[in-house]
Amino acid sequence: MGVVHTLHFVFGIFGNATALFLFLAPIITFKRIIQKRSTEQFSGLPYVMTLLNCLLSAWYGLPFVSPNNLLVSTINGTGAVIESIYVLIFIAFAPKKEKKKISALLLLVLAIFAAVALVSMLALHGKNRKLFSGIAATIFSIIMYGSPLSIIRLVIKTKSVEFMPFFLSLFVFLCGASWFAFGLLGKDPFVAIPNGFGFGLGTVQLILYAIYCDKKGLTKKSTSDMSLEKQSSNNNKSKLEQV
């Protein structure tokens, strides 16, 4: 029994470390967004859904909701702060249509979290509070892990991983694996189920990266070739007109 508790704690610490790297991985992406003053084809959805997941998971891990899950609460509280910064930066540099969409989603996220927190505190107690908060956290954890599916479709369509950052995919894999093991050892389905899904999705992203990483610059190169071809055509047309 002591070995299981030790492993449970170790995977919790490792889960905290990988989750922190997962939260910090998009810094490269947001540095690019700030430098270009544009969100380009990056999606803001994963950051909004990660924020909601962090808020609900941090709530679920609090001692008066779910005992023995403080490690879940501390890292997700940190993640909520980091993701809030990302979302605000994305809104600042997104096109008008995308800005409205992400802003509306942010308000929805805050409303959902407030509703879950209020209902669990005011209407539920003991196991019912844990059950309600756990189900809410599980549902939105799965949605968070599933939010990069739009990027996966883009990768397959363009055969380019330019808009699927490698480190983000790597830490989705590591974070999902760590918390999946933590949930299994702690016999907590509300931690194990969504992170098992994240582990699987992270695996898919890494496989796609391995397949298409050599074609990262293909889209740019094709665009560049088309521009040169067009320029050459225009030059030839100009010479003919002069003759």
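Placed from the backbone N, Cα and C atoms, the Cβ positions cover glycine too.
Predicted automatically and left uncurated, TrEMBL annotations should be read as such.
What TrEMBL records for 6-30 (among others) is transmembrane segment.
Under 8 Å from some Cβ of the transmembrane segment (42-62) lie the Cβ atoms of residues 23, 26, 29, 33, 69-74, 76-77, 79-80, 83-84, 86-87, 90-91, 94, 98, 101-102, 105-106, 109, 112-113, 116-117, 120, 130, 133-134, 136-137, 140-141, 143-144, 147-148, 150-151, 163, 190, all in the same chain and six or more residues away from its ends. Under the heading transmembrane segment, TrEMBL lists 42-62 (among others).
The transmembrane segment annotation in TrEMBL covers 74-93 (among others).
What TrEMBL records for 105-125 (among others) is transmembrane segment.
Residues or ranges marked as transmembrane segment in TrEMBL: 131-156 (among others).
Nonlocal intrachain contacts for the transmembrane segment (163-185), taken as residues 6+ away from its ends with a CB within less than 8 angstroms of a stretch CB, comprise 4, 7-8, 11-12, 14-15, 18-19, 21-22, 25-26, 28-29, 40-43, 71-72, 145, 148, 151-152, 154-155, 191-193, 195-203, 205-206, 208-209, 213. What TrEMBL lists as transmembrane segment is 163-185 (among others).
Positions annotated as transmembrane segment by TrEMBL: 191-212 (among others). Through the fold, the transmembrane segment (191-212) approaches residues 69, 72, 137-138, 141-142, 144-146, 148-149, 152, 155-156, 159-161, 164, 166, 169-170, 172-180, 182-184 of its own chain, all at least 6 residues removed from its boundaries and within a Cβ separation under 8 Å.
According to TrEMBL, the feature compositional bias 'Polar residues' maps to 224-237.
The region 'Disordered' feature in TrEMBL is assigned to 224-243.
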Same-chain residues near the transmembrane segment (131-156), Cβ under 8 Å, at least 6 residues beyond its ends: 41, 43, 45-46, 49-50, 52-53, 56-57, 59-60, 65-66, 112, 116, 119-120, 124, 163-164, 168, 172, 176, 188-190, 193-195, 197-198, 201, 204-205, 208, 212
Beyond the flanks of the transmembrane segment (74-93) by at least 6 residues, Cβ under 8 Å: 15-16, 19-20, 23-24, 26, 30, 33-34, 37-39, 42, 44, 47-48, 50-51, 53-55, 57-58, 61, 99, 102-103, 106
For the transmembrane segment (6-30), distant same-chain residues with Cβ under 8 A (at least six beyond the ends): 42, 47, 50, 71-72, 74-76, 78-79, 82-83, 86, 89-90, 165, 167-168, 170-172, 174-175, 178-179, 181-182, 185-186
